[in-house]
């Protein structure tokens, strides 16, 4: 049991925090509000690439730093703290990682160096209408034709589909699941924009007899199933890490605010009711932090982490919800004023809470595992 | 960061689990049940001595103090396993006062008392609260007055748990009534309960746990009964409490109870043929407990790790105490709901289900540690001030 960061982990954390605090300001973020501009800071993306951060978990033979999933998780946590306008989770965790883990050498060579350099953008289609379980796609199907696949169906909530070079996507097949890299410009693909609560560009991706060549197929059958399970756990934990950064920051903003705001002639932090609401957030954030780190650590070490990932997501949902409303409440009207930066945290905390399944649904999944004898306390 | 047990730690957990399976004989279990989870009986004493002899009580203590030289993490693993086995472990003595004596005690205390603690032959109760001093502990009135080469102690303490079978009370006394701030006039003493001026009377509580009012009537102790410096007791009180807080919320027993309820629910047949565990609401309750226990485990081990690194944060210790104590109350409700009316049946009923009757007892004791060990309001004050740098009102 080691809860300390290694030097390497500290370096990644500090570097990311430095770049983000230098470059992400409330003023800059405001330009993306209400979809006034595309929520993607390409200059910052380039800075991340130049600092090596986009390749933090990409092997060195493909131009990355060759660090592990833990370092990548810390990067996402920092992005959450700053609510950075960068598609880190969809690009790096949902798309690049499974390519590195499951793809052929040729596919890795084709994509990973450009992932690390930021030359291309990848994303993943993990949800369907009213189906936010990536491991159970049923509205998208694939049929083999020669060594190609023909896809039909529809994915929803796909981040940055309109500018992505490839979309990692899973489709149901007769023998399991096919996971492919879809070119959004391919014939038969149509995109329709969705406006979501965080102002992130997201799209419904409709597939009408879309042909995927052998070179863009990552896995089929049971391998496809394994890939998507692998990817779903990592993406879920990445959402937890993002939630951790965002809720920690929202909590600390609130604590600072109460240490400056006076009412009845005294700082409002001196009211016990105020202090205790913040203390509850502190406990909550600590629980989220430790469960998130545990899940990341286990995945990083190649251990089974299904229970730990589900538990982290339950905490991410509950803690995000509670911290969000406590933070707004402690700020009073200031918290909801769009000229003050807190409100954006509220939308992201909600997003991370609901994405890939909220607490109730995840509790139900964990409950099934408990019933099946798969989740005893060791 | 590596949030998993090392192979050696895993092996230690296994070894201890087997050790306690053998140690907890049916007779010992029955005796512990009779003592309502407090211990103090002859078999209980025998078992404690055996743990001492086998070198477990100080597994994480430095070798020069008579321990095995492993870290606080291994020490916590030991406490987790002993409590998981259902043995009422005297952690106040071994985990909180003991280390304080080893660190701040004088030569006699280190020579005579510390080895006995590690041998399982010395038990210590905590004497802080008084009829008029609870949360505002620094207002305590029990006095120690200098008299020749010793001290004369007079006063009354409340909630002196376990005192009726302890050898000493770790007693906070006022030694300077004129101190500028009340907490700067307090010193710690090790007071033997064998003194004729010492007496106690039982206080029976909701959960059937016995606690005590203890009385100190002209007790004369030598100079070397004092622990640490004259008027320097407050620091010892607060660091003892920091250590106590971690032990109070040990997750071992809850993890064990969860596992037992799951196994029970997997086997219980419902009137319409299914098993209780297949009910959606049962799974929901169990999942809430499971997610909560996981957090408790991590909170505890993070602190054991922080102690190993020598940087236990006050806010973290308080957060663990608040989270754990309030979570236990939820656990006994959520698991009680799963078991249903059977969770109201006392273990004194013939044929009572031991899992259910344990919950029947524990829900009655659960409130103790939301206020005991430093009330949760004060813990939250500590968290917002020390963890979030929020200025607080002066008291």
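Keep in mind that glycine also has a Cβ here, set from the backbone N, Cα and C atoms.
All annotation found in TrEMBL is predicted automatically rather than curated by experts.
Averaged over the domain 'Acyl-CoA dehydrogenase/oxidase N-terminal' (B:6-121), the predicted model reaches a pLDDT of 93. Per TrEMBL, domain 'Acyl-CoA dehydrogenase/oxidase N-terminal' is recorded for B:6-121.
If you look up TrEMBL, you'll see B:125-207 marked as domain 'Acyl-CoA oxidase/dehydrogenase middle'. Under DSSP, residues within the domain 'Acyl-CoA oxidase/dehydrogenase middle' (B:125-207) fall into helix, strand and coil as 10 helix, 39 strand, 34 coil.
Annotated domain 'Acyl-CoA dehydrogenase/oxidase C-terminal' per TrEMBL: B:231-386, in sequence order.
Per DSSP, the secondary structure of the domain 'Acyl-CoA dehydrogenase/oxidase N-terminal' (B:6-121) breaks down as 80 helix, 0 strand, 36 coil.
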